[in-house]
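Q: Before we start, here is the structure in question, set down as structure tokens.
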Amino acid sequence: MAKKKDVEVEELDEEVVAAAAAPAADGGEEQEAEPPARRPSTFAELGVVPELVAACDAMGWKEPTRIQAEAIPHALEGRDLIGLGQTGSGKTGAFALPIIQALLKQDKPQALFACVLSPTRELAFQIGQQFEALGSAIGLSCTVLVGGVDRVQQAVSLAKRPHIVVGTPGRLLDHLTDTKGFSLNKLKYLVLDEADKLLNVEFQKALDDILNVIPKERRTFLFSATMTNKVSKLQRACLRNPVKVEVASKYSTVDTLRQEFYFVPADYKDCFLVHVLNELPGSMIMIFVRTCESTRLLALTLRNLRFKAISISGQMSQDKRLGALNRFKTKDCNILICTDVASRGLDIQGVDVVINYDIPMNSKDYVHRVGRTARAGNTGYAVSLVNQYEAMWFKMIEKLLGYEIPDRKVDNAEIMILRERISDSKRIALTTMKEGGGHKKKRRKNEDDEEEEERNAPVSRKSKSFNKSRRR
């Protein structure tokens, strides 16, 4: 039994902690990984086999990131891992490569060899895509289990006995409970990605039940951008003598990210937003708002102003969420308006700017939001629109980061000249939402049909362009 079996785990069900705990050497406490004398410059130097080195090269991974360089050797030795790294640091590769390499060592690769849990559907699909890309040349099969997708189709996929299962806790538990012939009783690897989010109350029961039915003798990788108290307690409960690899401070942003904020009156926030967008023509931009309704309203308003904007939120069906993401990734639309459903783990290449239209009440969400840009060593820009009611939340963000974010001034005349046109566009957007059944209960039949709205949304004649030359 674990040496510290009397550890209090307030946030976790005590029975689950007991069920999840595995025999742990040295009390199950993590060991800090010793940094290598020289950071390996190739995947081959890390011990990755040639087949996977070739797969990395095909994906454009020329050299390992810092977290990959520090985590992969320990994972290849069969150690449990705690990996802490900033968003965009390459955490997926850090656990996917060792799992695939362990599978390659088997004479007959085992079905249902590894399971990866993700807090969001989009991140689950992204992880699945990376597994398939890395394993494409060696016949790796992967199934993604998330809500919003037909369960019968997923059951058919599970019947084919994939090597890897990636899913959200709720849908995975549905299949463990209801899908005949499916179990994880021979599972060799469990990965908890974005672990701090997985420990939220909305996932707790499903996660508890999953931990109760999988083998205790397994390798467990726990990855997160932040190390919270809950993550620390989970680590003591279900990892065996883990190695801790940390490539970031507890809450931090990358050095290549430039951050600023505007202090704006609440009634003029839309005007400041349009001002910022006009300063960034052609940029790939993610705008974060607080509610699902706000994503739709803001997308319609901006489209009425001739911006190429699309929204994504938790109220959309899975097909439409993926469709919106694909339109953004392919640059069909260069502005993605989203709730915090898009702040975790999504690896969208080329995001230049993150705009916090609504300031998050949870300071840690700010770190995840701005982590959508300045990824993999690239530069990025994050700007926040802070009104008088959000100033306290923004101060809490600065306290968490440990530094003050510089403010940016703007000529009020430039803002005021935008007000009338934006008001017209917003009024038209509100009318469109009302006529289309803007409230959640009325919208079920044609839920979040962005393309239909884009075709039918009326456009004010006054709002043809907001280029600077038009304003003067």
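Going from the start of the chain as shown, residues are counted 1 onward.
Heads up, the Cβ atoms here are built off N, Cα and C, so glycines get one too.
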Q: With the ranges 193-196, 257-260, 313-316 to choose from, which does Swiss-Prot describe as motif 'DEAD box'?
A: 193-196
Q: Which is it, of 41-69, 128-156, 215-243, 331-359, that Swiss-Prot names as motif 'Q motif'?
A: 41-69
Q: Does DSSP give Thr92 (ATP binding site) helix, strand or coil?
A: helix
Q: So which residues does the motif 'DEAD box' (193-196) touch in its own chain, when a touch means Cβ under 8 Å and the partner is 6 or more beyond its ends?
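A: Those are 91-92, 95, 116-120, 123, 127, 222-228, 230-231, 234, 344-345, 364, in sequence order.
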Q: Can you give the mean pLDDT for the motif 'DEAD box' (193-196), rounded to a whole number?
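A: Summing pLDDT over the motif 'DEAD box' (193-196) and dividing by its length gives 88.
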Q: Most Cβ neighbours within 10 Å: which of the binding-site residues Gln86, Ser89, Lys91 is it?
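A: Compared across Gln86, Ser89, Lys91, the most Cβ atoms within 10 Å surround Lys91.
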